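Sequence annotations record features per position, and here Swiss-Prot assigns active site, proton acceptor to Asp412 based on similarity to another entry. Look at Swiss-Prot and you will find Tyr496 tagged as active site, schiff-base intermediate with substrate. Annotation source Swiss-Prot lists substrate binding site at 410-421, 493-498, citing similarity to another entry. According to Swiss-Prot, the Cu cation binding site annotation covers His546, His548, His712, on the basis of similarity to another entry. The Mn(2+) binding site annotation in Swiss-Prot covers Asp555, Asp701. Annotated disulfide bond per Swiss-Prot: Cys431-Cys457, in sequence order, evidence recorded as similarity to another entry. Annotation comment: Swiss-Prot describes Tyr496 as 2',4',5'-topaquinone, evidence class similarity to another entry. Here Swiss-Prot flags 1-25 as region 'Disordered'.
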Amino acid sequence: MASASKKTSACPHHGGSLPPPKLVSAAPDTVAVWSDADDQRASKVSLESVIRPVDSFPDNTAKKPANKGISVMPRTETKHPLDPLSAAEISVAVATVRAAGANPEVRDGMRFIEVASVEPDKQVVALADAYFFPPFQPSLLPRTKSGPVIPMKLPPRRARLVVYNQKSNETSVWIVALSEVHAVTRGGHHRGRVVSSQVIPDVQPPMDAAEYAECEAIVKDFPPFIEAMKRRGIEDMDLVMVDPWCVGYHSEADAPSRRLAKPLIYCRTDSDSPMENGYARPVEGIYVLVDMQNMVVIEFEDRKFVPLPPPDPLRNYTPGESRGGVDRSDVKPLQIIQPEGPSFRVRGYFVEWQKWNFRIGFTPREGLVIHSVAYVDGSRGRRPVAHRLSFVEMVVPYGDPNEPHYRKNAFDAGEDGLGKNAHSLKKGCDCLGSIKYFDAHFTNFTGGVETIENCVCLHEEDHGILWKHQDWRTGLAEVRRSRRLTVSFLCTVANYEYGFYWHFYQDGKIEAEVKLTGILSLGALQPGETRKYGTTIAPGLYAPVHQHFFIARMDMSVDCKPAEAFNQVVEVNVRVDERGENNVHNNAFYAEEKLLKSEAVAMRDCDPLSARHWIVRNTRTVNRTGQLTGYKLVPGSNCLPLARPEAKFLRRAAFLKHNLWVTRYAPDEKFPGGEFPNQNPRAGEGLATWVKQNRSLEESDVVLWYVFGITHVPRLEDWPVMPVEHIGFTLMPHGFFNCSPAVDVPPNPCELETKESEVKEVVAPKALQTGLLSKL
């Protein structure tokens with residue numbers, strides 16, 4: 001794949017008629033010095049000897065300052081405020097909290113659920129991007145008559161820790177200021193300070209993999225469980241798989257005063273085959289309730305004897321086991337070659353690709369986060385599109401009312417964590433081409449630091465034709481290949497795999513995509529039994545119907561600087577004109593817009609019959625036709641929950657009742673079901689409660705919450721491992737540009753030697769002569 005070269009736009013109006021911004025000479029330039037308390041009380045110091053007005057900022061990697069422009073300011077910051085926490089920072093945060101424990105018993109009971117960076121106020125992010133980190137963008141800050149207030153340093157980075165005390169069954173949230181954290185190779189100078197701590201009553205934090213492993217061990221050692229397995233012909237406990245599931249909230253018995261799990265049981269056929277598909281033999285009829293705080297089985301009942309399904313000969317998916325061990329022999333290598341390397345540039349977590357730029361983040365709960373998305377648009381400069389993009393929750397409700405399937409209602413982000421379950425990706429398998437990987441650092445349950453190497457993949461993909469036109473009169477044609485930049489990660493939650501992707505396109509589109517694969521969650525059947533709530537996969541084995549819902553949170557900033565809040569949301573429906581004088585041919589239809597003025601009216605559902613979509617517009621920026629600039633949310637395939645409104649899981653997942661929610665930005669509103677959905681007894685917490693404030697959305701800082709899902713009626717072709725299912729949505733420019741931003745994409749060199757490059761047709765052998773055929 002050839003690398004793209006830079007060209008000016010072919011559209012004379014692209015970029016608009018506004019003149020490029022000029023930096024105004026600051027009269028009394030000042031420096032804001034941040035105190036330890038991180039307030040913005042500034043001591044003012046003359047900057048005449050340090051800074052002077054400039055037209056551009058040099059790269060901080062340059063050894064010598066440019067002749068024209070700003071002298072390189074002394075900067076001690078090595079990490080951007082939006083960068084994920086490093087391993088050293090996590091260690092400091094954990095050590096600081098542990099040292100702050102009231103007594104040894106409290107410190108010994110601390111278990112660390114999550115340690116993540118505290119994302120600062122948007123104004124702090126703007127300061128960092130303007131003056132501390134290349135490509136230095138002072139235009140991000142609003143101009144004032146007195147000139148910019150330029151800090152000598154940024155406030156300290158902060159960590160937020162969710163801590164579960166296993167001895168007291170309490171959950172607490174801590175904020176730690178990471179005043180100085182340097183690598184050990186630089187002297188090991190580590191320092192943190194507790195800013196705040198708070199015990200959160202009546203909640204349970206997400207479960208941890210260490211808890212799941214311990215739960216499996218204690219269940220397999222529980223004598224009544226061993227006897228129940230013997231009743232089913234299983235005496236080797238090494239064959240048994242115990243998958244702990246959070247109990248959700250169905251009644252007061254599930255209250256968060258206890259930390260509970262109800263495991264699902266499976267059984268392999270061969271303990272010497274670690275890659276055997278153990279999910280092919282579910283064990284039903286055994287009820288187990290585990291106290292995860294004290295790690296004891298508190299309820300057990302062998303309720304119903306259901307024979308184990310016989311081993312399915314098609315259950316395995318490894319090369320030596322699938323289809324008799326015979327793989328396809330006609331698959332030839334397909335290589336992605338970029339002889340000049342990729343077209344993207346990476347500086348830390350900052351990514352530039354053609355006209356796009358953004359920052360990559362990662363959290364234990366959400367996984368991949370995309371920050372500060374902007375498009376560099378000619379003379380109009382850097383134009384923001386979104387402040388923050390991420391997948392904040394997913395819910396998987398099952399449709400079988402029988403035990404144990406009715407309680408399968410997983411909140412995979414809020415109960416487990418998408419980021420904590422991420423994969424270490426492999427080149428050539430998970431991603432192809434010239435790849436940049438990013439590692440992710442987490443705390444484990446006891447406070448140690450673990451690293452998932454190659455957790456996030458950044459690479460370019462060819463995506464077919466971008467645009468083409470051939471003049472039928474002259475036969476002359478112009479065609480451009482489409483290329484997209486993809487940022488992705490994959491995670492495993494029990495039996496399912498999910499891939500989360502953000503695609504950036506040359507025509508200004510952003511596509512969010514989820515790829516679903518993995519293994520079905522199955523149930524066992526009695527001999528001769530069938531169920532209407534699922535699909536029979538093999539003798540004695542069936543897959544219940546279920547749904548997957550994903551919630552994307554999009555903090556939009558269309559043409560808005562960090563301090564601005566000039567966005568609004570309109571809904572567009574295509575209407576059919578009534579019969580009459582204006583529609584004598586009965587062919588008329590038109591697009592009708594409706595402004596979503598407040599949160600109460602901004603709870604919306606998809607409507608494919610009216611081609612419904614939503615546009616986020618800037619109320620103070622126009623394109624060359626005088627229309628407001630905007631980006632529109634275009635739904636893909638979608639659905640709503642098929643459970644009745646009284647379903648118990650909807651108490652915690654009220655946000656599933658609509659496909660779109662729009663709220664006014666509030667920094668503490670991050671998760672649609674509240675921060676702690678595990679065993680949450682409070683109905684409608686999160687989005688459904690926030691929108692009751694009915695805040696105005698007219699010219700504000702808006703956040704889109706898009707809920708999209710898929711209804712999975714399993715089929716035999718989903719067994720033993722599911723081919724990838726695709727689902728997602730698109731953010732598309734709508735009047736944001738003055739013409740197509742893709743017209744300046746250079747043409748690819750067409751292959752001229754077609755005779756050598758084209759695939760040769762297979763020539764069939766000549767038919768044998770009749771006489772020879774009769775002899776054979």
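Cβ from N, Cα, C; glycine included.
The structure, with features from Swiss-Prot marked on it.
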{"residue": "Ala410", "record": "substrate binding site", "contacts (Cβ under 8 Å, 6+ apart)": "Trp245, Cys246, Val395, Val396, Asp416, Val493, Ala494"}
{"residue": "Asp412", "record": "active site, proton acceptor", "contacts (Cβ under 8 Å, 6+ apart)": "Glu393, Met394, Val395, Val396, Leu418, Val493, Tyr498"}
{"residue": "Gly419", "record": "substrate binding site", "contacts (Cβ under 8 Å, 6+ apart)": "Phe362, Thr363, Pro364, Arg365, Glu366, Gly367, Leu368, Ala440, Phe442, Phe489, Cys491"}
{"residue": "Cys457", "record": "disulfide bond", "contacts (Cβ under 8 Å, 6+ apart)": "Leu425, Asp430, Cys431, Ile435, Lys436, Tyr437, Thr486, Val487, Ser488, Phe489"}
{"residue": "His546", "record": "Cu cation binding site", "contacts (Cβ under 8 Å, 6+ apart)": "Val396, Pro397, Tyr398, Gly399, Lys408, Ser521, His712"}
{"residue": "His548", "record": "Cu cation binding site", "contacts (Cβ under 8 Å, 6+ apart)": "Met394, Val395, Val396, Leu516, Gly709, Ile710, His712, Ile727"}
{"residue": "Asp555", "record": "Mn(2+) binding site", "contacts (Cβ under 8 Å, 6+ apart)": "Ala386, His387, Arg388, Leu389, Tyr665, Asp701, Val703"}
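The Cu cation site is set by His546, His548, His712; from the centre of their CB atoms, other residues of the chain with a CB within 8 Å are Val396, Tyr398, Leu516, Val545, Gln547, Ile710, Thr711. Cβ environment of Tyr496 (active site, schiff-base intermediate with substrate): Val396, Leu516, Thr517, Gly518, Ile519, Ser521 lie under 8 Å away, each six or more residues apart in the same chain. Of the listed binding-site residues, namely Asp416, Asp701, the sparsest Cβ surroundings within 10 Å are found at Asp701.
Around Cys431 (disulfide bond), taking its Cβ as the centre, 22 other Cβ atoms fall within 10 Å, counting all chains.
In three-state terms derived from DSSP, Gly419 (substrate binding site) belongs to neither a helical nor a strand segment and is classed as coil. A simple Cβ count within 10 Å picks out one of the binding-site residues Ala413, Val493 as the most packed, and that one is Ala413. DSSP assigns the residue listed as 'active site, proton acceptor' to a helix.
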